Amino acid sequence: MDNKDESCSTHLIDGDGVFNVAGVENFMKEVKLAECGLSYAVVSIMGPQSSGKSTLLNHLFHTNFREMDAYKGRSQTTKGIWMARCTGIEPCTLVMDLEGTDGRERGEDDTAFEKQSALFALAVSDIVLINMWCHDIGREQAANKPLLKTVFQVMMRLFSPRKTTLMFVIRDKTRTPLENLEPVLREDIQKIWDSVPKPQAHKETPLSEFFNVEVVALSSFEEKEEQFKEQVASLRQRFFHSIAPGGLAGDRRAVVPASGFSFSSQQIWKVIKENKDLDLPAHKVMVATVRCEEIANEKYVSFTENEEWGQLEEAVNSHSVRGFGRKLSSILDACLSEYDAEATFFDEGVRSSKRKHLEEKLLQLVQPAYQSMLGHIRSDAFERFKEAFEKALKGGKGFALAARECAESFMSHFDEECTDAIIEQANWDSSRVKDKLRRDIDAHIAEVRSAKLAEVTTLYETKLNEALAGPVEALLDGAGDDTWPAIRKLLQRETDTAVSGFAAALSGFEMDEESTDGMVLRLKDYARGVVEAKAKEEAGRVLIRMKDRFSTLFSHDQDSMPRIWTGKEDIRAITKTARSASLKLLSVMAAVRLEDEGDSIDKILIVALVDGKAGASSAKSITSVDPLASSTWDEVPPSKTLITPVQCKSLWRQFKTETEYVVSQAIAAQEASKRSNNWLPPPWAIVAMVVLGFNEFMTLLRNPLYLGFIFVAYLLFKALWVQLDISGEFRNGVLPGLLSLSTKFLPTVMNLLKRLAEEGQGMASGQPQGNPALVSKSFRGSTNDNGDVSTSATSEVTSENGTEYSSSSLHDKTQ
């Protein structure tokens with residue numbers, strides 16, 4: 001590769017001051033400048049027109065800048081600013097050849113472009129070569145004096161300038177030794193520095209703070225070419241490793257990373273063209289800001305298009321991903337590492353700021369995925385907690401112990417899962433999600449606790465209801481003096497049993513003593529409530545109960561056998577006993593007596609309702625008015641009252657009204673029984689019948705056929721008597737009996753004749769319809785204690801439906 005190809009020269013700024021953006025970009029790609037980072041140096045040269053600047057650069061850096069043809073005369077060769085890469089020098093060194101000053105081609109415009117180019121060279125270069133002729137040293141108006149003054153004046157406008165190496169190259173050195181020329185040159189430079197107006201901040205700043213001054217001398221290229229080349233070759237060695245500490249470009253305070261050189265140069269020239277003051281540190285920050293912003297945006301876009309991130313995001317939206325934090329941290333770290341690698345040479349403050357901004361954007365991008373992951377972890381932990389908690393409860397473990405162990409276990413498991421999901425680059429706190437899980441767990445525990453407590457409470461309430469309702473109803477049904485003591489004893493026994501089991505069931509919940517006592521008290525109250533409710537329910541049916549008790553005691557004897565009203569019973573005494581028992585039931589039902597406190601309800605009711613006139617005087621001794629004319633009992637609070645005194649009086653009145661009919665029926669049945677038992681005529685009538693009927697009696701004895709006829713007639717009459725229940729019909733009176741017999745007589749006779757005919761046909765055919773013995777037996781009678789002829793078998797022959805009549809059935813009919 002020849003020098004032309006290696007140097008890769010390009011026109012940086014043309015003669016009209018237009019910055020060649022496309023050319024610089026291509027140049028950077030060709031020389032791979034972006035890969036150099038901070039390992040590069042920029043050298044520029046300025047000096048009078050036709051002073052041999054391009055020639056010096058071509059020999060010093062092996063570039064191919066266009067040189068002036070001496071045979072064509074002295075004229076402007078370099079227009080604008082050219083840039084090339086030095087060949088064979090490490091690190092990468094860029095050299096800029098500036099248009100010469102004091103040229104006749106620009107005329108009056110020369111000073112403007114001279115200042116602009118000098119300012120540009122000073123801003124972008126690490127080393128500025130000032131090419132000057134030897135015979136100009138010591139001259140006040142030499143060509144380089146205004147140029148140096150311009151450079152220094154520009155430098156003073158810089159806010160915080162970088163330290164630049166000014167290398168004065170003395171061309172066409174005479175016999176005067178360099179040792180003599182250098183002090184003169186340095187003295188002139190110092191005078192220029194001292195004469196330049198300075199801002200207040202740099203009034204006392206020495207020249208060395210801004211410039212590192214170097215002086216070299218070269219022989220004439222035309223007269224001593226070989227010596228010139230040797231001196232140039234020696235000078236070239238100083239540009240190797242120029243950026244090393246102590247090198248010509250050792251001060252790297254304001255260096256711009258190689259990847260930002262094009263943009264930096266373009267912006268510097270833009271500011272210069274707009275005649276604005278140049279602040280190198282601010283410019284450095286600007287370049288770093290733009291480039292780091294571009295790099296950050298590139299990395300952000302690269303991250304969003306990352307396939308691994310896309311798969312991870314899609315997966316975490318639907319379910320929990322194992323190793324989420326590690327995977328995402330790796331992707332983020334790779335992205336940030338790429339940014340660091342590309343932005344490492346830019347201003348540290350800007351680089352860090354943009355990196356932080358990029359990191360924030362990336363974290364903002366991935367935060368929804370992280371929150372989704374935490375949501376999955378929380379929901380999974382909560383669901384597993386519910387399953388484990390339910391399993392522990394079914395296994396018989398105590399509620400509080402199971403809740404505590406399961407909650408601690410799954411909260412710890414949640415912490416482990418969150419640790420696995422932690423993103424290294426983020427300092428995100430999962431406490432809010434953890435608190436949400438804790439609240440969910442606590443709410444679930446509270447819900448299950450309430451359900452379980454309700455279940456236990458319902459269980460024991462059901463047991464109490466079953467143990468109390470039926471027995472209390474039975475005790476109240478058989479109301480007596482010991483009814484409420486028995487109920488209290490039953491209540492105490494069943495309540496103690498239930499409370500014992502209930503307290504044992506509550507022990508697993510580890511409730512505080514106050515809460516436990518409260519629930520036990522409510523259970524006791526429930527037991528009392530069951531008794532009171534049952535008592536109130538029975539009190540609502542007290543009238544029915546009283547009537548049932550009255551009917552039972554009135555209609556049955558001491559052996560619980562149905563009474564037969566024969567006329568010997570004391571209906572008044574029986575009625576009083578039955579009513580007293582019914583009144584006892586009313587007094588028992590009148591109030592709830594779950595406390596062992598006496599009351600006088602029973603006595604008041606007996607005095608007011610049973611004792612009659614004697615009781616009325618006794619009642620007046622107790623109160624001046626009717627003792628039942630009140631809505632409350634004196635010794636019973638209203639809350640325990642089931643039946644008020646007024647209601648008792650009304651109920652008793654209704655009870656007596658509805659039971660009087662039964663008593664009247666019994667009295668009527670007794671009178672009818674007495675009449676049926678006295679059917680024989682008086683003795684004198686019997687004697688008269690015997691005396692007067694002696695002849696008829698003897699006739700019957702003489703003619704036995706009459707006796708057979710009379711006997712048959714008697715059997716038929718007896719069958720009709722039994723079948724028609726004549727004595728029973730006449731119990732209710734003569735007229736009702738006759739009316740009833742008139743409707744039943746003919747059907748009964750027809751039925752009897754039909755049966756006799758069937759029996760006769762059966763005997764004639766030799767196939768009797770029934771048992772002959774039974775038929776004959778049906779006509780055999782017997783005399784009972786009262787002289788009545790009766791037989792149970794007769795009713796079998798004479799009854800239509802074969803129903804037997806007894807004293808109890810007759811009694812029922814009377815009712």
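Even glycines carry a Cβ here, placed using N, Cα and C.
Whatever TrEMBL says is automated annotation, not expert-curated.
Note that this is a predicted model, so its numbers are computed, not measured.
For GLY47, PRO48, GLN49, SER50, SER51, GLY52, LYS53, SER54, the entry in TrEMBL reads GTP binding site. Every protein chain considered, the tally of other Cβ atoms within 10 Å of the Cβ of SER50 (GTP binding site) stands at 18.
Under the heading compositional bias 'Low complexity', TrEMBL lists 789-800.
Confidence annotation: the domain 'GB1/RHD3-type G' (37-252) carries a mean pLDDT of 78 in the model. The feature domain 'GB1/RHD3-type G' is assigned by TrEMBL to 37-252.
Sequence annotations record features per position, and here TrEMBL assigns transmembrane segment to 705-722.
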> When you measure from the Cβ of GLY52 (GTP binding site), how many other Cβ atoms are you left with inside 10 Å?
Replying inline: 23
>> Neighbour count first, Cβ atoms within 10 Å, every protein chain included; then name which of SER51, SER54 tops the list of binding-site residues.
In response: SER51
